[in-house]
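For reference, TrEMBL has these:
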- A:112: active site, proton acceptor (ACT_SITE)
- A:105, A:177, A:179, A:211: Ca(2+) binding site (BINDING)
- A:107, A:121, A:218, A:222, A:327: substrate binding site (BINDING)
- A:211, A:231, A:235: Mg(2+) binding site (BINDING)
- A:2-97: domain 'Fumarylacetoacetase N-terminal' (DOMAIN)
- A:104-373: domain 'Fumarylacetoacetase-like C-terminal' (DOMAIN)
């Protein structure tokens, strides 16, 4: 996994995560280990992954292989040369890994969409008519995306009070959303859509993503143009980005998609992934408690379909864009990706280990999203994303 | 007005519009005319206004005054020194004036919102219940904003065909939206809302903005999370940005806002502006034809309220962000800011000078938005924004 780290007085730069250590790629480059790769090694001294991502998949594979070779060398040639090249995680500060130009949030978790429909439109079909025809998405706020570990200030805003009159105050319905973020590593030209068969080439990698939401603010504001203040105060991105190639062992067919899709969304290749995802809540002196576990297979739409759809209008993706999947929920009550669903909008609050309950998040609560893949002979751990709720003051 | 221009082999840099000429601010700086202002004059050699905008209102006022003094000098000292400092507009190429980090589109034109409500919810109140309580807005796509003059490719996408089944093809309902864009010149920290009384300090200037829309695509996709493909293929921004100070003579009280607003939106200062806006359509061999004329006074929400609302959640604005007003329509049929309204969704197509009709835009049509202020002793012309529709090929 790649990330941006700093330590002591050094500037932020690229690191490669190796167990609980960070390989300093700027130093590795300075020591000459990439000299034969014909790349501009200044990309490793940058404060974001963007320049490295823009070098393309071939270079990423070469660098990844070289780094794995170096780390696998039992003689630790590298470490003998320079004892500061592999740094313990606890010594470094992590930064937002990507300079994010644009952020798009999809709604590809079909069970989440169904649950939201059941909660808010109880007398209608849970899924709106367009849901199985196109990957619904909206543009989100890029500027307020923060790196894992950044405190999350409880936002204030307008919402409807008990008497259905607008009131102002700190949100009373602060929620998490369990999502996966696709980090775009390749740009398309405006006016030139990306075919679904080529769409995965545009993904540099993936990172867990928590799209914090203020449900009361969102509910009052969102008609007719979608969420705004209810989402734009903060989203949290993992510090570590997993290169897309590393998802390959976990590729799977995904759900049957009916009715038949328009051709621009049709793909014969298995384009879904089998990654386990978890939500952990920690509060007070209690140990962290897992409150949900689900899987990316519950996404109705594949990553490739999201990209093909996003660009079919001619919209241009840029290196550093984040495309998030939307909330990923399973079919069971303990597999939902938001507190809105886990508590069924307050009808059945969660009970924590100290017998306190949660409908939405309290100040001081820490939410951590975890992810891992496990299949015959392959194991993959995604970088966590966590955030602690700060009071609105 | 400020913009980014280039000519011959020179790199894009800052220019100041003077009638039909461009004052080359990089050269003015190199000639020493800003030396006493204590600013980093490298900002004038940048390919966007961002660095200059970030210097703050005091510097903008100093630079503006110096430039006006130079241009008013009848001896033309400046021109005697260097004959390439004032370039005819037709010799230069204009570029996108701002590096746009984030783009937000409001819905502040109340008559537009009413018209859309009447067209799409004929049996309900035209305005949704939240409309007069908060400035409805959504996040738009920043990457696809282009400078005035850039051709607009007709987008393709999914929409409902005549039998209400999804079909794919070039949009059959390509529309314009007459808007004003606020160019943000000052950032707030995440978690620190901007009070309404200070909000105007965050506006560097304004520029006309055309938020092209594909109505058929938009109508099929927009529930429940808002517009996406129907908007993200392109928006056009004027090449010239009018500094906010220049709007001062046109300040006015704006509409009465009832019911009473929540305190974070309350302002006692007149915060609206009296600017005339026009939509011109040119096609084939016909001369340009004015198809609409309206005024920014038809905005229900002020610029200051938009900024206060945007940030009340703690969302951070960045230098270079664009906040667009949403479509500005008047109350009369010839004052609507979109073809959706002007043609009443096809019920009463526009008739052009050659007796052809328009419900939505044809390939080859050129739309130009114009704006000007006129009051006792003060006149102001905004920079045009135009675009010509290219076929989808």
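Note that Cβ sites are derived from N, Cα and C of the backbone, with glycine treated the same way.
Unlike curated records, TrEMBL annotations are generated automatically.
Those binding-site residues from the list A:107, A:121, A:177, A:179, A:235 that have a Cβ under 8 Å from chain B Cβ atoms: A:107. Taking the centroid of the Cβ atoms of A:105, A:177, A:179, A:211 as the Ca(2+) site, the other same-chain residues with Cβ within 8 Å of it are A:140, A:178, A:209, A:210, A:213, A:231, A:235, A:324, A:325, A:326, A:327. Here substrate is bound by A:107, A:121, A:218, A:222, A:327 per the record. The longest Cα to Cα distance in that group is 18 Å. Each residue of the domain 'Fumarylacetoacetase N-terminal' (A:2-97) gets a DSSP state, and the totals for helix, strand and coil are 42 helix, 21 strand, 33 coil. A strand conformation is recorded for residue A:235 (Mg(2+) binding site) in the three-state DSSP classification.
Least crowded of the binding-site residues (A:218, A:235, A:327), judged by neighbouring Cβ atoms within 10 Å of its own Cβ: A:218. In the three-state DSSP scheme, residue A:121 (substrate binding site) falls into the coil class. Under the three-state DSSP scheme, residue A:112 (active site, proton acceptor) falls in the helix class. Within 8 Å of the Cβ centroid of the Mg(2+) site, not counting the listed residues A:211, A:231, A:235, the chain contributes A:105, A:140, A:141, A:145, A:177, A:209, A:210, A:212, A:213, A:232, A:234, A:324. A strand conformation is recorded for residue A:179 (Ca(2+) binding site) in the three-state DSSP classification.
Residue A:218 (substrate binding site) falls within a helix when secondary structure is assigned with DSSP. Less than 8 angstroms from the CB of residue A:231 (Mg(2+) binding site) sit A:105, A:140, A:141, A:211, A:212, A:213, A:214, A:218, each of them six or more residues away in the same chain.
Residue environment of residue A:107 (substrate binding site) contains 22 other Cβ atoms, counted within 10 Å of its Cβ in all protein chains. The local packing around residue A:121 (substrate binding site), expressed as other Cβ atoms within 10 Å of its Cβ over all shown chains, amounts to 13.
Of all the binding-site residues in the list A:121, A:179, A:222, A:327, the shortest Cα-Cα distance to residue A:112 (active site, proton acceptor) is found for A:327.
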